[in-house]
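Here it is, the structure, as structure tokens.
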Amino acid sequence: MAPLPRSPGRGGPGLGAALLGAALLAGVLLAVHADPDSHRDGAEPCRTCRGLADSFIRGLERTEHEGFGGGNTAWEEEKLSKYQHSETRLLEVLEGVCAPSDFACHQLLERSEEHVEQWWFHEQQQHPDFFQWLCVDSLMLCCPPGTYGPDCRSCAGGPQQPCSGNGRCDGDGTRRGTGLCVCSPGYGGPFCAECGDGYYEASRNKSHLVCAECYQACGRCTGPEDSSCLRCKRGWVLHEHRCIDIDECGTEMAHCRANQYCVNTEGSYECRDCSTACIGCMGAGPARCKKCNKGYWRDGAKCLDVDECASAEEPVCTGVQEVCENTEGSYRCVCAQGHVRRDGQCVEDKPPDAPEKGFFDDVTDDEVVVLQQMFFGVMICALATLAAKGDMVFTAIFIGAVAAMAGYWLSDRSDRVLDGFMKGR
């Protein structure tokens, strides 16, 4: 296809360049993300084309009143008329047709480039329906409503009213499908022109049928009443045009497991579990048991729990500090109060032994200070005694100890004075 000629005096990129850019972008995106099974498992081609056509029409509506603004009405009308069918407007519309992530749309837009240009510049007056022109006639991805398949054949019931208006045609409007009817609930037959099971004709004329639901027990009927039944659903039996519930529990029709009992319901039955006191039962509760389960005893018609803890001749729990606790149908051995089970044995529940205290653990801070002063006093007295004998070494040690003690006392004293001053004492 030859590139579009530019209009005199019109700047900027042409339609061909824009579509080429869009095609390259779509090609890159599709090369990265395309799935070889997308046509089998993913988007329907007709649906993609329908979306493209609808988006194109929305773009036309969005740009309908845009153009070359100005103050002169006659000038605006002339310029707007030129803009309505211009390449500029077409480019603006095409830029927003496909969402960035809609790869199927980008692929289809690339494929349909020539058809879009042909319709825009030459065919839109004669073929105003863009969807029909592009998707049905040109690309042949869709069919007219009421038709289906590669050759757009008529759906069952005819293209004007497929499936008698009471269902949908398989493949309607696409190049796929079987053309067979999928009837709405309550309708049946190859053309959905009959009432289905459990429904009757409420009204009918040459072109329309209305089906209404029968009484719940009726499989076929002539009206909504319970006396209008012609055939019953499963679980009911017909008697004088009425459907009567079958009591499956009173017959051999019910099939429940050994430790279950049967409950009749409308049109069916339920199997429910027997009481834990029973081995086989005829109903709910321990009074309907056929036989008492282990751990129970019969008292008249009832199966009652056996208190193994009270009835045993000898203790059933023989472990140290173990006691018996009765349960429903059985018993269990637990530890006596104040005891817990550890490593299979019941032991006294008490906190672990605390470590033994040291000699000075209970000494207070004030007592520590007194002991320190006593220690230093003894040391100074000893050093003073040695220094008095004229030993220069002990004299020096004595003087140093006195100086250290004085410094410590003054430092501690000054800290307490400063702390009292800061607290306002």
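Note: Cβ is positioned from N, Cα and C throughout, glycine not excepted.
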Please name the cysteine among Cys183, Cys195 that TrEMBL pairs with Cys192 through a disulfide bond.
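Candidates were Cys183, Cys195; TrEMBL matches Cys192 with Cys183.
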When DSSP states are grouped into helix, strand and coil, how many residues of the domain 'EGF-like' (151-193) land in each?
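Going by DSSP assignments, the domain 'EGF-like' (151-193) contains 4 helix, 11 strand, 28 coil.
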So if I draw a 10 Å sphere around the Cβ of Cys183 (disulfide bond), how many other Cβ atoms end up inside it?
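Counting Cβ neighbours of Cys183 (disulfide bond) within 10 Å gives 20.
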Which number gives the other C-beta atoms within 10 angstroms of the C-beta of Cys192 (disulfide bond), all protein chains shown included?
26
